[in-house]
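Database features (TrEMBL):
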- 88-196: domain 'DUF7032' (DOMAIN)
- 1-37: region 'Disordered' (REGION)
- 296-338: repeat 'ARM' (REPEAT)
- 378-421: repeat 'ARM' (REPEAT)
Amino acid sequence: MASTGMKAKARRGCGWRSSRREQGPETSTECTSHPPKAHCPCQIPSFPQRNSRFLFSSLITMVVEDSSNDGVRFDDGSSSTEEWLFHAQKLVPLALDKAKEVKGFPGRWKMIISKLEQIPSRLSDLSSHPCFSKNTLCKEQLQAVSTTLTETTHLAELCVKEKYEGKLQMQSDLDALSGKLDLNLKDCGLLIKTGVLSEATLPLDMPEPDFSSNMRELLARLQIGHLESKHKAIDRLNDVMKEDEKSVLAVLTRSNVASLVQLLTATSPRIREKTVTILCSLAESGSCENWLVSEGVIPPLIRLIESGSAIGKEKAAISLQRLSMSSETARSIVGHGGVCPLIGLCQTGDSVTQAACACTLKNISAVPEVRQVLAEEGIVKVMISLLNCGILLNSKEYAAECLQNLTSSNENLRRLVISEGGVRSLLAYLDVPLPQESSVGALRNLVGSIPEHSLVSLGVLPRLAHVLKSGSMGAQQAAASAICRICSSGEMKKMVGEAGCIPLLVNILEVKSNGAREVAAQALLSLIALTQNQREVKKNDKSVPNLVQLLDPSPQNTAKKYAVLCLASLSSSQKCRKLMISYGAIGYLKKLTEMDIPGAKKLLEKLERGKLRSLFSRK
């Protein structure tokens, strides 16, 4: 570009002429007054009119003359940051003067001029930053500004001379230029206000860049520059994340997360895909979930679920799976319309995506106030379908958990699951070597809404016995709870006993889980109300010892109230009373009597009377 001195020399003329070189599309300018191949300071570099959309991606070697006409040659490597600042400051008035000469396209040029007028203050703010000369980001930003100013002067020259190919083409070029000026102004502001410069600048006492400083600069590049430069930064960040994710997380800041979230809305599908891969890793790490949500990651993730590539959908689904563990975020997903796309992918996605979507919906279903919304979107039918034919075992497990959540407190949803054939699907899912809690829990929620004859015809009782014998601890507890709910009639109590559940419940009294012991004791108490079942309990050698152990008065033992009542029912048998005394029931019952546990005092008196009679009979 030329200074004021340059313009004077151009007016005098030095005999330069334009010619087209075969090796490139650009119009070169040769000066007859200067040595061959020397850079002529007499004019602004010009570009062909037919290629005015040329992207200024590479810097143009330029000369700026100072007031003494001593030229300074600019290029990417040799010029300092201060020289680039001086260069950009010289270009601003040239671009402004030329822009103000333009008569055509008044609206567009007025906007461009207003943006040009903001550049000097931004350059001043940038140059006053303590890290100005220490960081390559400043230099690159000044190069970008200089390139935009060069293009501004060039387009203004074309408009002044009316030497452009077409009006629509020039309008498009001016709109693109306005966008570049916006980007330059925004990036300068980011460098100054967001702390990017400080984060990405090597400390003075560090002679060589270490991983952290290099990483900070790479992360800073996500926030500034054009899309292609951000694309390169994303590629590099992906590589580094694969090599050393923990070190990346150690230097990550909220502004870095914000810039990544913004890239999820980039026009390039490739950038969106690579960005969501990084964000998925960040979400899975659990170290910046709050940042991700507060920076607005949910809406673009949902859009990727709807219309992203296969890998984009997968990574977005996994991200939502992790983030939806928070009830607040789960509500946000519902509020942003995420339920329908997630349900859709449960039906059409590949195995990993299907499982991630099912898990996300399971997490959302844990929030009571959104369950009706889920039902209205058709989640019940889809979860039952997944339970029947999910690609991965995880998908089936998540579907069962979702049904368990949905049926936990809403009678209408229970009826809906039953009407859609959910009971048969849950029972079929129980026919595995190690039944899990979720499916039994869902069944437990439903049994109270199923007629007794249907429970028998569907084969519920043998399945519950199978779970009590082979299920996980949580599944056994849920099965015992289900037995408590169905034993409302003598006939059902009889059938449960005949299904072989009583000895299995007695065994559960020995487990470490307080919750499982409590519900097993409660189920036994319900069953032994029937004489036939009571006889079976009395015959079991483990019944009395296990129940006596549950008389432990500690606050953590919530099974003691049921144990007292069970033992009271068995105390009609002299053999059982003797066993109770021999296993220390009297000592426990004295403490429970002091605690006012129902039935403890009466049972204690009964055992003590029996003990006295036993002593007198010996004499």
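Placement of Cβ uses the backbone N, Cα and C atoms for every residue, glycine included.
Any TrEMBL annotation is an automated prediction that lacks curation.
Keep in mind that what you see is a predicted model, and the values were worked out from it rather than measured.
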Residues in the repeat 'ARM' (296-338) grouped by DSSP into helix, strand and remaining coil: 33 helix, 0 strand, 10 coil
Within the domain 'DUF7032' (88-196), residues counted as helix, strand or coil by DSSP: 91 helix, 0 strand, 18 coil
Segment-level pLDDT (mean, integer) for the repeat 'ARM' (378-421): 95
